[in-house]
């Protein structure tokens, strides 16, 4: 059965495993770097510099996304973005993805196909292809994405920050968290924030640029800014101070803060899911375009905001 | 918290996400080809020949494994074996895995750690390392494994079989299916078959050997022998005839067939999950050690057994 002949109310059970796989494969264009795409026991992708960068993330229904809050297309964008961002954070460029989908048999087939479209669209932003995957039955919708990529120079780790380095950020920060706060209260606006939650816009390319500019450490903000900065501080054995005043508080964040009676800086300091990058650079480095200084590295340990401990939830953990 | 201090009845919720990740990382030794292992945004693995082979599989509790039928260690072996086999089937050698685990918070922590041990042990059989992963909360236990590997020459696809080729198999076939039939009736013996279901023994290395010997097509048997042979026939645009008499019916299969009133050839012809390899070779090829001739390729389409259609379920599909 091709997707063209699919009744709009068909479920995965109607389509069947092989029908679903065939309909999905049609949706996955293959880039020049793909020697063998979906349909065999494994895919084959070129890795010109002899090193492959790899990362995996799981997304579970009701925990990482809600099907009543976001479209399948949005969830596909988000699932891909979250993984592509991990390659960005190493200073690399993503080239290929594999996608696993576990879902109940009564899931609308269109949902699965639109999810695939979202993943393909987001991957296309960086020129990456979906080269393989797996579909199976489960009680709860779950998406497993693995991304492969390349780095040109040395991968930028979390552990290279040194006292005296400056801390900088690339990309929006706090928008997705503010959008989530809005959705959690049953609202659908400001639209820009809700969209930021549904479909993050990671600063693709900022990672390789940072690596080329000499970034000493880098991470993508997925657990919350202070939480992820703490990962750099811990891995590097340093202290990091963030200057709250270095962030411009965008108007929609102000508006939501006022409406919800919340400090909008909380979205910025503790929000994740925008997939901004935070990096450290040697003092005196001319920061590349798109990067803004937000703090500095010192001897010691821990993360402070304007020299003091920041109170409040610093991030998100599972279990 | 280190695994050493873990109370035996601790759950994932007791351990916490970061506690679990730390305990898992301790269990993942890294091979020489791993430039950067778990703990950063992504891992980095060397790929000497500039091409990476990649495959992904999902395993869902009660569908792909049952926690009352197999230990966590066995399930770890099985999860890894299933993926490593996909690289074997391309004629490649696996080098690295990523593992995603989604699980309810009340899962015993020891279960997750023993699962990891099983994956590490199985990966160690081929010298592959677990380089990264993700853990998250879900209602149902699910394991997502992605495997990376290398091929020396050309990867062996499903589509290269030509009329006149001979069909050959490497590895045990039907044992896991017979073991499943035994377990499904509430028995635990013959032990060799139950063990074969719990922990397959794919013929690692037979894939690269077949590739070097000039195999024209290859697949791993995971959906059932006839079903997977049909994948080769379809991808290659050929007909394949299997000779039932070419299989030795091992004694445990005979015993179970007699006990259950089933034809033991059914386990061999329709069983999956042993992860045997089936390959086609040009006529006249001296089959490498470990490979046995089981049939031949002709013009046409479809799969026959001794020249006739085989009746009965040919394989397994999800949804």
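Note that Cβ sites are derived from N, Cα and C of the backbone, with glycine treated the same way.
These numbers come from a predicted model, not from an experiment.
TrEMBL lists A:41, A:220 as Mg(2+) 3-binding residues, and of the candidates A:86, A:165, A:273, A:274 the one it assigns to that same site is A:86. Proximity to residue A:55 (Mg(2+) 4 binding site), defined by a C-alpha to C-alpha distance within 10 angstroms, is shown by the following binding-site residues from A:41, A:64, A:86, A:220: A:86.
Neighbour counts were taken as the number of other C-beta atoms within 10 angstroms of each residue's C-beta; across the binding-site residues A:55, A:222, the minimum falls on A:222. When the binding-site residues A:64, A:158, A:220, A:273 are compared by the number of other C-beta atoms lying within 10 angstroms of their own C-beta, A:64 comes out lowest. Taking 8 Å as the upper bound (exclusive) on CB-CB distance to chain B, the binding-site residues A:222, A:223, A:273 give none. Checking each of the binding-site residues A:57, A:86, A:134, A:273 against residue A:223 (Mg(2+) 5 binding site) by C-alpha distance, the shortest gap belongs to A:273. Distance from the CA of residue A:273 (substrate binding site) to the CA of residue A:133 (ATP binding site) is 24 Å.
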